[in-house]
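Asker: Pasting in a structure now, in structure tokens, and then I'll have a few things to ask.
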Amino acid sequence: MTENIIESGDPQARYDSVIEKDSKYVMQTYGRQPLVLSKGKGAVVQDIYGKEYIDCVAGIAVNNVGHCHPTVVKAIQAQAENLIHVSNLYYTEIQAEFAETLASITGMERVFFCNSGAESVEAAMKLARVATGKSAFVAAEHSFHGRTIGALSVTHKSMYRDPFMPPVSSETTFVPYSDAEAIRQAISENTAAVILEPIQGEGGINIPDPGYLKEVREICDETGALLIFDEVQTGFGRTGTWFCKEQFGVEPDIMSMSKAIGGGFPMGAIAAHNGINFGRGQHASTFGGGPLACAAALASVKVIREEKLLERSKEMGAYFMKKLAGMVRDDVVEVRGKGLMIGVEIKYPCGKFVDFAREQGVLVNCTSDSVLRLVPPLVITKEQIDTVVDVLEQA
């Protein structure tokens, strides 16, 4: 971004005004970085002072096609001129078109639209219960599936769960991640589903052992429990395929999606196979599958296809991990990931890396205390990756 995109007015005064208003009016639930961002393009964002940052957070793995991709922007603008919202009491052409598109890229027959990742997990849990007539769940330790009450029932981290106990589902059993036998032992006659992230995101970019998910699939088939994959963070090219399930050759019964689905526009969805359906009136969403969201999502899918971002995610991810592994540091435990979903485990809390990188014009964040999460837009360049690695090597 070479153009001057700073709004008029003194930047310091504008910064102070934002911080003051946020402190006064917004519930202070977020541990924010001391940045007020104003614009973004591709893999770069700009703050109100005009400083640019290579963005390896990407709205938390949302901006896969890059910030403000012109195809997505134009699609939203065009749709906004015709129809913004009508609710699901009526049909719209664009929702039907995106439903067909989503069924095609997921390889699943039925979809339901919502607005966020947590909503998609809630919908998946409800669907599992209604499809099986059972109520219990098996989930993994270090899992993260959302902060709404239902999703918290299958989210492991006590910091998120404990203030809101008891959970909606008190019948959730947590087992070690990547331990299929533990899942077998945990499934009961009342288990509706096993819910897993194919790669754990918030838990530390944890990749399961080879064969783990296939074995879980076999166990679910044997016991009659459904298998839910939470692909909220791993979907839409993040790991180098449309969905991470393709990396492991395993097909879930239900899949939750959000984050990158709308190219930065809020949207969520679940997909399921025939025979696993809600009945009329069993679930609903006022805004789910709205015209603007579907326009953005169709545009996002188009960009991923036309710009070959699945292949680019693999290529840039391999390049990024090779460069990271070559850093001259003695405090890096491991570099791991798939595609452009990368974790760098450090021997100690990684907060200082986040602060140093920000000061040097790179945005990263920690997932778990000691793992740096790098999830840049899939359009990131090798030159930008080189800059990021140079900064992290100096931290």
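Glycine residues also receive a Cβ, built from the backbone N, Cα and C atoms like all the rest.
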Asker: Gly117, Ala118, Asp230, Glu231, Val232, Gln233, Thr286 show up in Swiss-Prot as binding pyridoxal 5'-phosphate; which entry in Phe98, Phe144, Phe265 does that record put in the same site?
Answerer: Phe144
Asker: Compared by Cα position, which of the recorded positions Arg147, Lys259, Ser285 is the closest one to Glu231 (pyridoxal 5'-phosphate binding site)?
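Answerer: Given the candidates Arg147, Lys259, Ser285, the nearest one is Lys259.
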Asker: Let me make sure I understand the structure: which of the binding-site residues listed (Gln233, Ser285, Thr286) has the fewest other Cβ atoms within 10 A of its Cβ?
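Answerer: Comparing Cβ neighbours within 10 Å for the binding-site residues Gln233, Ser285, Thr286, Thr286 has the fewest.
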Asker: If you count CB neighbours within 10 Å, which one among the binding-site residues Gly117, Phe144, Arg147, Asp230, Val232 has the smallest count?
Answerer: Arg147
Asker: Gln233 (pyridoxal 5'-phosphate binding site): which of the recorded positions Arg147, Lys259, Ser285 have a C-alpha within 10 angstroms of it?
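Answerer: Among Arg147, Lys259, Ser285, the ones whose Cα sits within 10 Å of that of Gln233 (pyridoxal 5'-phosphate binding site) are Lys259.
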Asker: What's the number of neighbouring CB atoms sitting within 10 A of the CB on Lys259 (N6-(pyridoxal phosphate)lysine)?
Answerer: 28
